[in-house]
Amino acid sequence: MDDDIESASLGVYQDRQRTFPDMRSKVNTPLIFRILMGINIRVLLVLLLFAFGLIFYVGARTSPIIVFVFSVCIVSFCFSIYLTKWVLSKDEGPPEMAQISEAIRDGAEGFFRTQYSTISKMAMLLAVVILCIYLFRSTTPQQESSGIGRSTTAYITVAAFLLGALCSGIAGYVGMWVSVRANVRVSSAARRSAREALQIAVRAGGFSAIVVVGMAVIGIAILYASFHVWLDVGSPGSTKVTDLPLLLVGYGFGASFVALFAQLGGGIYTKAADVGADLVGKVEQGIPEDDPRNPAVIADLVGDNVGDCAARGADLFESIAAEIISAMILGGTMAQRCKIEDPSGFILFPLVVHSFDLVISSIGILSIRRGTRESGVKSPVEDPMTILQRGYSVTIVLAVITFGVSTRWLLHTEQAPSAWFNFALCGLVGIITAYIFVWITKYYTDYKHEPVRSLALSSSTGHGTNIIAGVSLGLESTALPVLVISVSIVSAFWLGRTSGLVDEDGNPTGGLFGTAVATMGMLSTAAYVLTMDMFGPIADNAGGIVEMSQQPESVREITDLLDAVGNTTKATTKGFAIGSAALASFLLFSAYMDEVATFAHEPFNQVDIAIPEVFVGGLLGSMLIYLFSAWACSAVGRTAQEVVKEVRKQFLERPGIMDYTEKPEYGRCVAIVASASLREMIKPGALAIISPMAVGFLFRILGHYTGQPLLGAKVVAAMLMFATVSGILMALFLNTAGGAWDNAKKYIETGVLGGKGSDSHKAAVTGDTVGDPFKDTAGPSLHVLIKMLATITLVMAPIFL
């Protein structure tokens, strides 16, 4: 690993010699991509045509809806190729810019390869555990009647888990691959105009977003269609189509598993480097951010890619996969209870919604154009945030239209002719919820609004008041999102419940599916939201390249403007992700209760927290959130201490660094954060995986001896419930407080309250340093943790009974 990491060190220091030698000493491209690139182009085309033909054949045997989904995904992948070619056709600027970008690319790809090698080994170990559990678990009556034995279920679940993990890893690599190539092109474009730089950053982020969402959709569609054909669904005595979604749970668990470790490792890497660089560089030495004299600057820029791009790609992939699978399960369950003749529309509805998401988000991305006029340096033609919001508004409007079309097409049934309209309203509730979430997070993290300006003002009276103000802002910011989530869940539930769909006894059954439809509505613009999120780290990297290559101040002003907007878009995306995690976890919790009822052969509709053991399970769930957050933040702190010591050591041993007569040894800091982040991500990740299994198994044994056969399942349900509530609130606090601290610093750097180097600025840097592990390590990891807890309990349900 050290060989991979050390390759990121820069050569001759550039203030006197503005050249950087080629750093690449080892190919860091993943093996699967190297194999594909080594195949003759004609052979590759033949293989692709064969694969597409096979996919469409399987899809045609399954459902016309699946064929539609496959078609949209493939067209979207073609569109992403167009975006890639468009971005890569832009110039990389002067040689020093390209060579700095090359060093960042080497460090990012080297760490990615090492990190995912570690994650893959853990995934294989967990796959063996899942296989053993499923080989010895009991079977459901539905599985017995359809002839699916334990071994078949075990191998299906393990295969789905490994495929989900593989696709999640590819999604992360795609996010990083584009960011390390687009950053220098944004830097070069910033020498000409802010609008051109904005367009390149958005289209680069759009490429990653389209691929990530498309992979999540087509991966689940291929699994569903393959199982449909393999198990001969629909023939007498075979598996029912309503039971198929439960076979996909392993896919969501695999995606969650990889996303959690990617977010932890990447978050520890990026924030440890950032904290170390800021504390010594800005506070102690008084040099600007991303100054080439800072020995930790390359590690910081590498961290933007492995933490904010690779990890976020895997994160959103997991969010979409979990939401689709949970909605498919609930749709199938409801269709079965209502005796709907053709339930495929209710089951495949989530795939169609996200297929339309690819189309409308592509239109939203293309709506951001360079324009006929170029923005000036001092007074840009238009605020970049306004341009991004306009694209989001276009996407929202199209989402409302396509959602209505989807519900009328797939959810119309003769049993309840007006049900589709109720479900369309549920989707509208979700879309409105997403928009409000974005607005709330923007209000609390954008320095154009009062909360961040008040936080900046508190910096004028010292470091302590800045910390107090930031903590109080983060705590306050949890109120509005919780109210919005509460209203949306209740509204969607009652819209679904009053849809007219009833079971055999005449009881309304559409409530939970209404909530599922609202979740789909919230994520119906996911590709565009991820585009805005990817925009942030690309712009941040571009600013670092501009600073290191010593471009004119006017160019840095443009990248600073884009960076400030990027901080806001990253914060709004995290708020969006937390909201969707809350709704998706509610759906997975309902699916877990149905799964337990199926295996236990008795109803399991409620959890009584008045039972002492169940209440203890809830306490353990809340404790898990706080302990996980503490370990994630302390991991950043310990790694940052190592960086601080190394940077101080280099400034002490090489005094010529400050007057440009000596160059820093960048590779040392890169190696430190890389090895430490891989080491530190294991403990909190293992806590998240082992805790629910250990708690459920122990209370299962206790229940066996106390005559409570479902005690283990009830305790785990309470643990999941309390962890979800605590995790949502904690993640909202951490993400918003961290984003506000960051933009309060950016606001002061615009020249207010004394500007850069002032006492207010130093206090703001302290606040930003405290907020770094909040917003980029613990906070994002928490909403992944919430969904992973839900999927792991669903997959491991048999060991709790």
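Even glycines carry a Cβ here, placed using N, Cα and C.
Annotated features, as they stand in TrEMBL:
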TRANSMEM  119-136  transmembrane segment
TRANSMEM  200-224  transmembrane segment
TRANSMEM  244-262  transmembrane segment
TRANSMEM  346-367  transmembrane segment
TRANSMEM  387-407  transmembrane segment
TRANSMEM  419-440  transmembrane segment
TRANSMEM  478-496  transmembrane segment
TRANSMEM  508-530  transmembrane segment
TRANSMEM  575-593  transmembrane segment
TRANSMEM  614-637  transmembrane segment
TRANSMEM  685-703  transmembrane segment
TRANSMEM  715-734  transmembrane segment
Candidate ranges 200-224, 244-262, 387-407, 715-734 - greatest C-beta contact count to the transmembrane segment (575-593) (under 8 angstroms): 715-734
Pairs of Cβ atoms less than 8 Å apart decide it: which stretch in 244-262, 387-407, 614-637 has the most with the transmembrane segment (346-367)? 387-407
Leading contact stretch, 244-262, 508-530, 715-734 vs the transmembrane segment (200-224) - CB distance under 8 Å: 508-530
The transmembrane segment (614-637): which same-chain residues, six or more beyond its ends, come within Cβ distance under 8 Å? 264, 267-268, 271-272, 275, 607-608, 677, 680-681, 683-684, 687-688, 691, 695, 699, 711, 714-727, 730, 734, 772-774, 777-778, 781-782, 785, 789
Could you pull out which residues elsewhere in the chain have a CB under 8 Å from any CB of the transmembrane segment (508-530), counting only those six or more residues past its ends? 205-206, 208-210, 212-213, 312-313, 316, 319-320, 323, 326-327, 330-331, 334, 337-338, 346, 349-350, 353-354, 356-358, 360-362, 364-365, 391-392, 395-396, 399, 402-403, 407, 419, 422-423, 426-431, 433-434, 437-438, 488-489, 491-502, 572-573, 576, 579-580, 583-584, 586-587, 590
